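**Q** This is the structure, below, for whatever I ask next.
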Amino acid sequence: MRNGLVWLLHPALPSTLHSILGARPPPVKRLCGFPKQIYSTMNNPAIQRIEDHIVKSPEDKREYRGLELANGIKVLLISDPTTDKSSAALDVHIGSLSDPPNIPGLSHFCEHMLFLGTKKYPKENEYSQFLSEHAGSSNAFTSGEHTNYYFDVSHEHLEGALDRFAQFFLCPLFDASCKDREVNAVDSEHEKNVMNDAWRLFQLEKATGNPKHPFSKFGTGNKYTLETRPNQEGIDVREELLKFHSTYYSSNLMAICVLGRESLDDLTNLVVKLFSEVENKNVPLPEFPEHPFQEEHLKQLYKIVPIKDIRNLYVTFPIPDLQQYYKSNPGHYLGHLIGHEGPGSLLSELKSKGWVNTLVGGQKEGARGFMFFIINVDLTEEGLLHVEDIILHMFQYIQKLRAEGPQEWVFQECKDLNAVAFRFKDKERPRGYTSKIAGKLHYYPLNGVLTAEYLLEEFRPDLIDMVLDKLRPENVRVAIVSKSFEGKTDRTEQWYGTQYKQEAIPEDVIQKWQNADLNGKFKLPTKNEFIPTNFEILALEKDATPYPALIKDTAMSKLWFKQDDKFFLPKACLNFEFFSPFAYVDPLHCNMAYLYLELLKDSLNEYAYAAELAGLSYDLQNTIYGMYLSVKGYNDKQPILLKKITEKMATFEIDKKRFEIIKEAYMRSLNNFRAEQPHQHAMYYLRLLMTEVAWTKDELKEALDDVTLPRLKAFIPQLLSRLHIEALLHGNITKQAALGVMQMVEDTLIEHAHTKPLLPSQLVRYREVQLPDRGWFVYQRRNEVHNNCGIEIYYQTDMQSTSENMFLELFCQIISEPCFNTLRTKEQLGYIVFSGPRRANGIQGLRFIIQSEKPPHYLESRVEAFLITMEKAIEDMTEEAFQKHIQALAIRRLDKPKKLSAECAKYWGEIISQQYNYDRDNIEVAYLKTLSKDDIIKFYKEMLAVDAPRRHKVSVHVLAREMDSCPVVGEFPSQNDINLSEAPPLPQPEVIHNMTEFKRGLPLFPLVKPHINFMAAKL
């Protein structure tokens, strides 16, 4: 993979997480021309410059304008008359690299605090409540150089939201009581990351460079850095927050992006009105001209012990900041070649030796002044013994690039691919789009901000050679991550406790790498045959339907077809479910289905990589019902890739060496589940408890030893012997072509695997356990790795139907913001606090998910206390407030998909759940608008109140690593201080000791009836 892994080694810090479940022919450049009228804004002294020539894609119907305000804020305005949601983002070009040395995490803490009250809007949840009532949401993140705040809201309420948002940058309160509470949220956020290998490796990389360089700082912060130590040293953190904000939150370091239905003139006036008062303190842009890795930090080897059983090799070179060369992007060119996965590539050779499975190569962001070039691979057991040889191969490939010299045709191909990607770019969700653009405005001229990261302009062999010259053995840093180093390390990283050992790489090894010769196995990539050439948008057929239509229904297959009538891009989504009773019949078969598809994807990788580069990707997974295949992207060459995958499926020959390697990697991934987050464990156990048939990780591990090569070889024809295929073909494709695609898939399977249809009785889905009225069950487990508890509380309500769906969703809409405000902001139970619907197997209910240092039975009591307060809140709610919630939910539900793949995913969800309610949003919103407050109170009293006659509750308590035991229920009188609402006394729950016995004693719900009459659905 080229140019990647920025997340793995450079995670940003997202905050205020309301939801946890929470990178041809060039295009014709279209310019947004000057409007005919002279704006009233032209002579506005608050505006220094207006830029109306914003280069955009020819397919982009939105209007853009750039502004530079007199106070130095850069602005991009986007007028989109069709948008359901408006959005805005502000990016401050300051991050954790600018933290005071004695208060690590201050910039991140400042980001948290800005959400909690301003002079104009002092109520601490004013902003989040306003957004929640108007179908909005918000978030923010802090990285080394940026603090990025963003929100979305229903399009009518942009001004109200933007006014509240602007106050963050004008006059935040930094209220002392909020500060004392919110430090716990930051601490909980850090605690969540402490045992996460990505965060640990990122901090270790920072810690092993120049300790005086800002890069070495600890960016998240925790209670020790933001409260305990400052208190000991007599530092007032509130004063430091005020000082940090008044020093660095300067308009000359800010960039804003606003998207709304309003005209560009109206958006201009809005931004000028709200942001021209932000003070310009003329803060110099932080720059870091010295690289954190100097000579003494090079030619070093780091042996690192991970938390999970992973084996990775990270090879890093310090390189200069290439940002200014974005029009030629030499790092992209080298990443494209070094990270290539086709025949003759570095990865191809390392895989054939049995040393690695995956490779990522390319430039990685540092900060203004420095960057890195990385080549990262995962290691097989054999690969761990050949690290020196793997790195020698890397230098042989780099030597090949030097010997061949920069190739203009390779640059041209990258340029063409990027140009096609820009021309046919999917529309993005407003919130993500504004956040991304606000960050880019600091780096690129206003008129080129949309194109800068796509359109390559000049081939600069001199720059390619310059970067290539940095990729030498004398500049290398090597990190090996493996459990095999346990007990053999002598250093501990300060903030995460990572165990590691540092050694100088011996000079004879450096010499060996310097003498790397040319390896005849290495070849430059050949011309990419998957680059699309036909971009014709097919005319809508006369019988085109607004929703997927069933155009084929036989014993072998059901084919749903929908010609795109919204996005008009040369793309399609082809989704297939291959239903087989053999895929999940027991843990052994589940393992074999998984390994078959992993081996299949592994063998297809060289072929399919070129397609992926050309914007055509596929996904292949085993499911509890069989196999899922999707092919997405440009429709031009789609059938070629699909045919290759289907033929390979039906004629697959397993390579013995790859079988052993992939089986071993699978065993490690099963073992590594123990190190997942406590809240993820809670969700996993609940799924096992509630689903009729579900195999545990332990059962899969136990059965994996029985998977032998002969057994797997015998399983594949059995799996393919009888199938039922259900498909959705959606996009720039005709009905005739769709029927042809389906026929090709069937013919290939029949010809090569002699596939026959399944019996209708074999097509039944799994069902959900039905809890008894007034029943409350608790299941307890311990997480061996994390020192936090996790809980999922599930109130099962009923089968899915239009009415039940709306009762539940409206209740969830009403409690969502108060839940976050009460349990996270005020009570500080933890960083992860979530409430919302849970749906599985056609059954649904309300769920709460919390991760906390507090014990699970305490979290349970606080959720119950919160629910009681919500009963009163709903009873006291005005009709106007109630209607706001109905409106907010309606807007959320009717928010149109922004791209073909999102619309397709929605329809596919209806197909795999076998509900087929393609017009669900309109049908359910129409019902929603008939609901009254009394309906919701009745729903609560019948289903959710402590004494509700039809209350059905399951709680999963995941204990922290250091807790031996914990009561399942308890009273907490000492905790009930004046600020806490009283928790109700709870009955003694039934403790689940054995999952199988629990399920055996309870009935199952029936399956939901499909919404569609299949005879009528056929065209």
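Along the chain as shown, residues are numbered 1 onward.
The backbone N, Cα and C atoms fix where each Cβ goes, glycine too.
Model, not experiment: these values are computed from the prediction.
Below are the features listed in Swiss-Prot for this protein:
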BINDING   H108, H112, E189  Zn(2+) binding site
MOD_RES   K192  N6-succinyllysine
BINDING   L359, V360, G361, G362, Q363  substrate binding site
BINDING   R429, D895, K896, P897, K898, K899, L900, S901  ATP binding site
MOD_RES   K697  N6-succinyllysine
MOTIF     853-858  motif 'SlyX motif'
**Q** Determine how many residues of the motif 'SlyX motif' (853-858) DSSP places in helix, in strand and in coil.
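**A** Breakdown, helix to coil: 3 helix, 0 strand, 3 coil.
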**Q** Which one, from the binding-site residues H112, R429, has the smallest tally of other C-beta atoms lying within 10 Å of its C-beta?
**A** R429
**Q** If you skip the near sequence neighbours and keep only those at least six away, which residues in the chain come within under 8 angstroms of K192 (N6-succinyllysine), Cβ to Cβ?
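**A** Long-range Cβ contacts: Q677, N788, Y831, I832, Q851.
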**Q** Of the recorded positions G361, K697, P897, L900, which sits closest to E189 (Zn(2+) binding site) by Cα distance?
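**A** For E189 (Zn(2+) binding site), the closest Cα among G361, K697, P897, L900 is found at K697.
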**Q** Go through Q363, S901, our binding-site residues, and report the one whose Cβ sees the most other Cβ atoms within 10 Å.
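**A** Buried the deepest by this measure is Q363.
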**Q** For P897 (ATP binding site), just count the other CB atoms lying within 10 A of its CB, please.
**A** 16
**Q** Which is it, of H108, K697, K896, K898, K899: the one of these recorded positions whose Cβ has the most other Cβ atoms within 10 Å?
**A** H108
**Q** Return the single residue from the binding-site residues list (E189, D895) that has the minimum number of other CB atoms within 10 Å.
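**A** Fewest other Cβ atoms within 10 Å, among the binding-site residues E189, D895, is found for D895.
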**Q** Over the motif 'SlyX motif' (853-858), what is the model's mean pLDDT?
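**A** Summing pLDDT over the motif 'SlyX motif' (853-858) and dividing by its length gives 96.
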**Q** Tell me the Cα distance separating H112 (Zn(2+) binding site) from P897 (ATP binding site), rounded to the nearest angstrom.
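**A** That separation, Cα to Cα, works out to 30 Å.
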**Q** Take the C-alpha atoms of H112 (Zn(2+) binding site) and L359 (substrate binding site) and report the distance between them in angstrom, rounded.
**A** 36
